[in-house]
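These come from TrEMBL:
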type: DOMAIN; residues: 3-92; note: domain 'CARD'
type: REPEAT; residues: 657-698; note: repeat 'WD'
type: REPEAT; residues: 699-742; note: repeat 'WD'
type: REPEAT; residues: 743-784; note: repeat 'WD'
type: REPEAT; residues: 878-919; note: repeat 'WD'
type: REPEAT; residues: 1002-1043; note: repeat 'WD'
type: REPEAT; residues: 1043-1087; note: repeat 'WD'
type: REPEAT; residues: 1088-1129; note: repeat 'WD'
type: REPEAT; residues: 1130-1171; note: repeat 'WD'
Amino acid sequence: MALEERARSSLMRFHHQLEQDIKPQFLMDHMISDGVMTVDEEEKIRIQPTRKDQAAALIKLVLEKDNRCFISFYNALVKEAYDDLARLLQKDLPDVSVDGNKSSFDSLSYVQRVLSEGGVPQRPVVFVSRPELLNKVREKLYLLQKDAGGWVTVFGMAGSGKSVLAAEAVRDHGLIEECFPGGVHWLSIGQLEKPDLLVKIQSLCFRLEQSQDSQSNIRPPTSLDEAKERLRFLMLRRYPRSLLILDDIWDSSVLKVFDIHCRILLTTRNRSLADSVSGPKYEVEVESGLDDKKALEILALYTNMSSNTLPEEARSIVRECKGSPLVVSLIGALLKEKPDRWPYYLRQLQQKQFKRIKKSTSYDYHALDQAMAASIEVLPDEHRELYKDLTVLEKDVKIPAKVLSVLWDLEPEEVEDILQEFVNKSLLFVDRNSKPHLYYLHDLQLDFLVEHYRNQIESLHSKVVHQYQHHYREAPPMSGDEECLYWIRFLTYHMAKANLSQELYSLMFSLDWVCIKAKIMGPAHLINDYVEYGPILDQENSEVRSQFQEFLSLSGHRLEQRPFPDVVQLALSQPHSSEVYKQARQQALNRAKSGKLYFELINKSSVENLSRLVIHPHLGSIYSACFSHDGTKIASCGASKTLKVFKSTSGEKLSEIQAHDEEVLCCAFSPDDRLLATCSSDRKVKLWNIQQGKLLRVFEEHEEQVNHCEFTNTTRRLLLATCSNDSLLKIWNLNKPSSQNTLFGHSEPVNHCCFSPDDSYLSTSSNDGTVKLFQVSSANEWKTIDVKSFFSESENEEVLVKCSTWTGDGTRIICAARNAVLVFDVQTSDMLLEIRTNRLSTVQYCHACPTSNLLALAFSNYAVELWDLEENKKMADCSGHLSWVQRVQFSSDGSQLLSCSDDQTVRLWETKKVHTSSAICLKRDSDVIFHDEEIIVSAADNCNRLQVRDGRTGSVLFQSEELPSRIRCTCLCRNPSAVLLGQENGELQVLELPSGKLLATLLGHTKTVLHCQFCHGGQTLITSSEDATIRVWRWKSGECKVLQGHKEQVRCFSLLSDSTNESKLLSWSFDGTVKVWDIESGEKLQDMEAHQGAILSCHISPDGCLFATTSADKTTKLWSCESWQCVFTLRGHHECVRSCRFSWDSKRLATGDDNGEIRIWRVEDGSLLKVCAQESKDGTDSLHGGWVTDLHFSPNNSVLVSTGGYIKWWNVARGEALQTFYPSGSALKKIHVSPDFSTFVTIDNIGILYILKRVA
């Protein structure tokens, strides 16, 4: 029946007053009890954002319903003391008939009456609905209609809200009317003895008989059997369509008394109880906790506050108890009386003082510890002892049955049966989605165990360790399954908790353990162990702990690679004094006896690594990384579209969010570290809750990509600033969906924005060549600094201001543009200082240390530099990145610096330690002479001086003056002892060694000299150049022959024989031709159109019969040195073929391409023998870390060494990798190999010289 018109008009007339005053939640409780409103309808109203919106939605619902609903609404107003509002509606109440039929209000009270008669408990004073669970229970109850008898089991752990849920499920008019018109009868059972159970059933029978107007003098049943039969008769004959609710059943023997073929809903902690009775069975599992929103709502209702105004302790309480309805309700009831005790009750919860969290309620247990203990006490003695062992588990850790099989020394099948019993009794939870099943405790259960057995904690953990040691006495688990993962991850935790210090030292100071754990778990967990257990380990040897931690911190990104690298080989690069090196050296010697290859860096002093930690969080460029304000976390984002947060101590990942649809360009922590902001090429700005990984807001006002986002420095007035390619800046109040202010003024994209230390001003940097300062309070432009005016117009380039940063005192602002950094006085706009850097690189970012005069700069040439602003002096070069460095940032206390790069890594530096760096970088174009034990290396350095070094000692034998033109090639001559250098301007110089005396200056080449070589006993010098010529010099006399014919640069050449009498020369060029010359006469003997593309390498077979060429056209060709005809064309490479080399017996040819793949061919017939490639591509999208640039066979032709991003040694017969050496840099250009294949020399792209000696 529709709502009467006068009632409708009354509601519409007074809706403003009603919306203004009513609290819908309290009214809805009454209306649901009256059966005029469903829980789903309540939920739709509850999700409205404000109380007023909720009130409006409730009034709208009443308007859509009938007279019954209006009357219920009116009565709710009366019951909640809204007398003035009730009076407004009273005269328009619908008519109530008084004939013999039921009045409409009687109908309204139908649900309430049925439940009251059946003894169903009323709603608790504070109640929040759980609609999903309610609907599940009701669905199962509806299924009982078709059955003469049946069971619905609602099960869950102590305090999960089972009883409230059962009572709420039957508080539904439609359910009662359709399924249980005979009534709903509630019986609270608990842990009863048989006499008490008999009394309960006698009482129920009496109630049922009285309702049927039976004779009151019927004798009550005197035994359980008699009581069972009496109840069966009543339920089947007199109440066939009724529901019996048995609350809190513990024992199957009790349940059997009610096995009388009627419809029963039972609540229990033991899922398996219903197995003991007959009839159809259905079950609903009650989650152990409410979600945060509902748990906070309970606390808000108890304390008469709104969820938004609850103190921070409220969220901590909910987190600590995982939303347990019992705990939240107990604490809420306590706070209702003592509203100032939020911190106190949080402390009690954190300290596991469960006895102090108690309150008299309708619940059987008034304190949390009583509820927990009751569940455990019903276990058999032997199982109670086993359950006690679960005290050693960590929170939120799931454990496979096999681990407990080791701990309990039982068969896995027996363990699974015991665990299932624990699960059935809601003492344990099981994750059935994983294979094998994993088991875990609720936090409250674990807290209870830890508190209950606190005096036995050490011995319980000792038992775990000793059982592990006994079970795995032969070898540790290596399978990688869940059992193995548990032991590898938590063995150190159990040792530390058991106070087994010696066992912990032995384990963690072992390179074997490092290898096992890193391979299975990754390096972050290992580093975290050394940080967490550092105080224990330092008691034994702090230096050794530091050595292991440093090794992992700097090599961790390597240990994430697949295939997994050889840890012993990595450790051989550690200092000789390190325990890590000593163990690696011993293992390498032992394994070398059986033929395993290991290589030791013999010039370690030249390799200086100043990073504290290297992390590889993303696949793809990293555009932004930032410290949290407390310094414990780092967030990073980039081309992978993800946002990651990890520990700054170990790199352990804390969270990962798929943040945007396109590249994420920037991320920033809020001052309190609770929020993270991200911005992206997708034009969106997003706000995240870090703890939950939850998206809070999306701001979508920018019309182009958003380049940068930054919070204010304090929470006093928390704002977020963003800037975009749309040339606009926006300031956001986080509580509002639209921007607070839009700042205009720039005419080109804005790259960066930054608040002053006191948040008064916002600086912006733009492609229009300016930095602007805006007043935050008014959003007005204060001043403009025209940065482009400080650059010469003759440079004819746009001045793009990349970023700006404020000094800690807020008096100076620093900006980066092109290859310079400019420092300005904020008040006067005068330029105070200019730092000009390498003209070949641009400054990508700068950041001023908040606590000192240091300035960090990030460069496109892979460098990070530290400058002292007061002294205008560079303090350090922080080398290590392998691509453009996109961002640098100091920690809040200035002790650490982070940098992120396109090389997919984030590096951490300790600010004080990097000041000591003064490493000289060498260029990769080099030459080496091996003579007996002597190793002589020549190469240009980063100051464009030629250096000649003793490779073994690292001492500089000769160093030239700084030259005006860049040195591009060099070669050494033993007799006479001399060195040649070729320059970019075409000039050649021959210098005597070690004096450095200039022996000759050779002029002739008009462009860069690319390659040079002494021959004929050092009397002749051959050079090739970008000018497409080759020159043959009698360098002492200056006589020169020019070999002309190539049309493009000649990168290299080779003599056709090692014989000093041989006068033929082979040259190849980017023009695709190979030419043969007589160097005595200068005559061109042969001219071959070899390839369609540029020729990238060529090699002559040791027997002089063949030569091979490789090309950008992806082919390799074999040529006869007699006929000068192509013998075979070798196809199969998918990229440019960059390098080639014949084996010493001339039977095989190895070729390497730009994809990192190496192929080995049979020379006799041109057939493919092997493809040498690792299992998958690495982070550089290559099989070798980059192009394969050089190849060499061992003298016995069994081993091949190759260079690319790193050095690899291969088994030629099998095509399998034997060993890999990872340099600090990458892009190795060439490797020099000693005649006995024991020593290898190369230089990486960041200028580090490596001299490797085989361990034997």
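Glycine residues also receive a Cβ, built from the backbone N, Cα and C atoms like all the rest.
Not measured: the values here are computed from a predicted model.
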Other parts of the chain folded back onto the repeat 'WD' (878-919), taken as Cβ under 8 Å at six or more residues beyond its ends: 557, 606, 608-627, 629-631, 634, 636, 638, 648, 844-852, 854, 856-860, 862-866, 1179, 1224-1227, 1245-1248
Secondary structure composition of the repeat 'WD' (1088-1129) [DSSP: H/G/I, E/B, coil]: 0 helix, 23 strand, 19 coil
Secondary structure content of the repeat 'WD' (1043-1087), with strand meaning DSSP E or B: 0 helix, 20 strand, 25 coil
DSSP-assigned states of the repeat 'WD' (1130-1171) in counts, ordered helix, strand, coil: 0 helix, 22 strand, 20 coil
Segment-level pLDDT (mean, integer) for the repeat 'WD' (1002-1043): 93
For the repeat 'WD' (657-698), the number of residues DSSP places in helix, strand and coil: 0 helix, 24 strand, 18 coil
